[in-house]
Structure formats: structure tokens, C-alpha cells
Amino acid sequence: MNKANSHKLLMKTANSSGENEPLLGRTNYISAHKELLYVLRSSIPVIVAFFLQYSITVTSIFSVGRLGQNELASVSLAAITFNVSVSVFNGMATCLDTFCPQAFGSGNYPLVGLYFKRCSAMILVVSIPILVFWYYSATVLSYVVPEKELLLLAQTYLRCVSIGVPAYILFETGKRFLQAQGIYKAGQYCLIIVFPINILSNYLLVWSEPFGLGYIGGPISAALSYWLMCIFLFAYIIFINGKKCWGEDSFKDVFNFNEWKRMASYAMNGTAMLLSEFIAFEILTLSASKFGTTSLAAQSICSTLATLAFQVPFGVSVALSTRIGYHVGSENMSAVKLMNKVAYSLALTLGVMMSSLLVCFHTRIPRIFINDASVVEVASQIVKILGVNQFFDCPNVILAGSLRGQGRQHIGSVLNLISYYIFAVPVALILAFTFSLKLQGLWIGIGIGIVILSLCELYFIYYSNWDQIVNDSKKRIH
């Protein structure tokens, strides 16, 4: 099938669904208003999907944690290990935010499917040593955590949930395969169906009399939910929309290790961008434990808020990176430059909104989580700092999406590592322990790193060499 016929067929599919029509319209006139509305409209289902997907782990923690103190502690430890591990998968999958939209923008639609298959295969291979680590995690983590009973319970959780890891990976890469085509609602639809099933299965497998399995019911329910997500997503591709970009690739095409090397560099840089921030916040939690249970409880509340707040700009960044990647692939320079202006306005607006929300309600938000007056008092102070940090973190996350769309993850990874581990974490520890600012010092230090990171990202995007970016895209696609 030649490019022209392929484009006509895809346009027909797009028009039948209406969802991805704006992405496919190749018009000479592009308005900032239309682009802004497109990104906002596209980001809403992505954000909803992120929250619903996050709820799977939260539901499991809530369900299993009510069995007892040891169960709560072990499932929390397992959840941290799980989240760090899947951050590797999510980070690697972000390379598709570069490859797939640029291939789609160039009109090379079968290449979109080939990139998806290569990336999926690569992440599945990488998951093998991670799953081996999960299987023997009690032995490995015994050097850090002394409580053997907690380690064995956490290991059991990870072994059970590992059944769902292949499905989790395929869902993450599958979402990006569809998003590159302008199909953003598929993941949301799948998770809206899975969400109540996950709650019901947690009740049945953990608590109910005839079916209840106790502790292992939680991870089994999570694994089941991941498989349902994956099955529903691929059913959407097969029966509704998205299969036009699938292509007919041989085993040799997918497992072309020379091409894997090229994709792996983007995948590793994407992983570094996500993991560097995630681990920095885990260091905060470990450090907060030195200040007593009140500070640790307040830290837990603020970490949860930070995670929830992150989903909003990250959803916008996914839609933005896809749109920028499409324009780079189609060599529409004026549209790419316009999209970066859209990125600036979105970053500023969202930063102001998220910051204002947290600062204005900093005394009320902690009460949603706990009624203890001492914890609420400490958490309220930190939520205010978190609100100020959000003014810069929203631009940081959104501008990182712009870098992914351009195919410059290497810049983002270096900036993240420098900002967090040369500035943020050392300053946070110095303020917390040397200057006795404790929890406030930890969050102020992280905020300083975020300010540096967002300003550096802005600099590199503002002074982008667009000719070089387009040339790199041509080499990547052809």
C-alpha cells in the first residue's frame, strides 16, 4: 500500500470515529487556539486513565492493608518496589512518544506499528531480570530491611503480581501506539471498565467468605486487572480503531537488534527522566523517617499528594509530546514552533492553577487523609511548600514532554540527574539535618532542584535548533 492510499484509508477511519481527525488534518493554517484546544481535549482522557490506573495499586494497598499491621507494612514495601520497577517500563515506553508520532506525521504508518512491536519486545526482555529480582526480593532486600516476616510477605505479593507484568507493559506501549494516531480515549474506556471490576475482585479475593484468599488476593486481583486492561485495549485496536498502523512485520523485523540499540538509547534516557525524580522523592521519605512518626505520616500524605498532582501535567505532556512529534515528522516547522508557544502557556497556566489550589487549601487537604491534629499541622506546612513547588514542577513536566516530542530525551535525562542529585537532594539533606529545618528543609531542597530543572529545560527548548531536530527525525524514520 502506498503512502497516499494508506493516508486516505486512515483518514476514513479517523472520520468514522471523529476522535483523531484533528491530528490527521494536514492544513497549512494552524492556529494557536486550535492547537491549545486540541492538546487540552486530548489530555483529559489521558489524565483520567492515569488516575484510574493508579487506583489499582491504591485499592490493593487499602484492601490488603486492612488485614493487619504486618500486612499493611509489607504491601507498602511491595508497592514501593513495584512502582520503582514499573517506572523502568514506563520510562522505556516514553521512547514511543518520539518514534511513533514522528513516523505517523511523516505518513509512514506501518512504521508506527513496527516501532510499537520493537519497543514492546525490548521492554519484555528487560522485565526478565526485574521479575527474577522480585522472585528473590526477600533475600536481596534483607540487606536494607531487617524484618524477615515483612520481606517474605512483600516477596509473596511481588511474585503474585508478576503474572500481570507482561500485560502491564503491552498496555503502556499499546496506549502510545494509539495516541500516536490521535486516539486518546481508548485507554480511558478500558480503565473505566476495569476500575469497578478491580474493586469487586479485591473484595471477593481478599475478604469474601467463599472466594477470599486473604493476603495474596490483593496482588492476584491487580494482576487480573492488568490483563483485562491489555485485552480490552487490543480488542479496541482490532474491532474499533487503530489497526491500520499495525503493519505486517516479520520476526526478523521486530527483533532487529541494530534497531533496538537505536531505540534503547531513547528508552534509557526516558527511564532516567522518570526514575531520577521518583527516587529523589523516595529519599525524602527515607529521610523523613528520622524525624519521628508524625513527620513520617505527614511525609506520606504529601508524597501521595505530589503523586496525584503529577498525573495532571504528565497527562498534558503526553498529548503535547505526541502533537509536537507529529509536526516534527511532517516537517511542519511553523507548527512545531507554535506548539512550543502553546507549551509555554500551558506550563504557566497549569503551574498557577495547581499552585493556587494547594496553597489556598493547605490546611484543609491533609484532613482528608487523617484527623490527628499534630500530623495535620506538620502536613499543612509542607502542602504549602508543595504548592509553591508545583508552580515550577508543572512547567518541568510539560517541557519534558516537549523534549520527548522533539526526540531529545538525552538532554532531559542529564538535566534531571544534575538537578536532583547535584542540587536538590544534597541541599534538601543539608537544610533538613544541618540547619534543622527537618521536613520543611527536605521539600524546600527538592523545590530548588525543580526550579533549576524547569529553567534549564526552558532554555534548551527556547534555543532549539529546529533544522537539526527535523534532520534527526528524518534519519530516525528512514
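Cβ coordinates come from backbone N, Cα and C, glycine included.
Taken from TrEMBL, the feature transmembrane segment covers 36-56 (among others).
Within the chain, the transmembrane segment (76-100) has long-range Cβ neighbours (under 8 A, six or more residues past its boundaries) at 57, 60-61, 65, 112, 115-116, 119, 122-123, 126-127, 130, 133-134, 137, 141, 145, 150-151, 153-155, 157-158, 161, 165, 168-169, 172-173, 176-177, 179-180, 219, 263, 266-268, 270-275, 278-279, 282, 318, 321-322, 325, 401, 404-407, 409, 476. What TrEMBL lists as transmembrane segment is 76-100 (among others).
Under the heading transmembrane segment, TrEMBL lists 121-144 (among others).
TrEMBL lists 183-204 (among others) with the feature transmembrane segment. Using a Cβ-Cβ cut-off under 8 Å and counting only residues 6 or more beyond its ends in the same chain, the transmembrane segment (183-204) has close neighbours at 17, 19-20, 42-43, 45-46, 48-49, 52-53, 55-56, 59-60, 63, 171, 175, 211-212, 217-218, 221-222, 224-225, 228-229, 232-233, 236-237, 240-242, 319.
The transmembrane segment feature in TrEMBL is assigned to 224-242 (among others). Sequence-distant neighbours of the transmembrane segment (224-242) (same chain, 6+ residues past either end, Cβ-Cβ under 8 Å): 13, 16-17, 19-20, 53, 56, 163-168, 170-171, 174-175, 177-178, 181, 183, 186-187, 189-191, 193-194, 197-198, 201.
Among the features that TrEMBL reports, transmembrane segment is placed at 263-286 (among others).
Beyond the ends of the transmembrane segment (342-361), by six or more residues, the same chain brings 32, 35-36, 39-40, 305, 309, 312-313, 316, 320, 324, 383-384, 386-388, 390-395, 398-399, 401-402, 454, 458, 461 to within a C-beta distance below 8 angstroms of the stretch. What TrEMBL records for 342-361 (among others) is transmembrane segment.
Residues 272-273, 276-277, 280, 283-284, 287, 290, 441-446, 448-450, 452-453, 456-457, 460 of the same chain lie 6+ residues outside the transmembrane segment (414-435) yet bring a C-beta within less than 8 angstroms of a C-beta in it. For 414-435 (among others), the entry in TrEMBL reads transmembrane segment.
What TrEMBL lists as transmembrane segment is 441-462 (among others).
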Using a Cβ distance cut-off of under 8 Å, indicate which of 36-56, 263-286, 441-462 has the most pairs with the transmembrane segment (121-144).
263-286
Quickly jot the same-chain residues contacting the transmembrane segment (263-286) by Cβ under 8 Å, restricted to those at least six beyond its ends, or write none.
80, 83-84, 87-88, 90-95, 97-99, 115, 118-119, 122-123, 296, 299-300, 303, 306, 400, 404, 407, 409-410, 412-413, 416-417, 420-421, 424-425, 428, 442-443, 446, 449
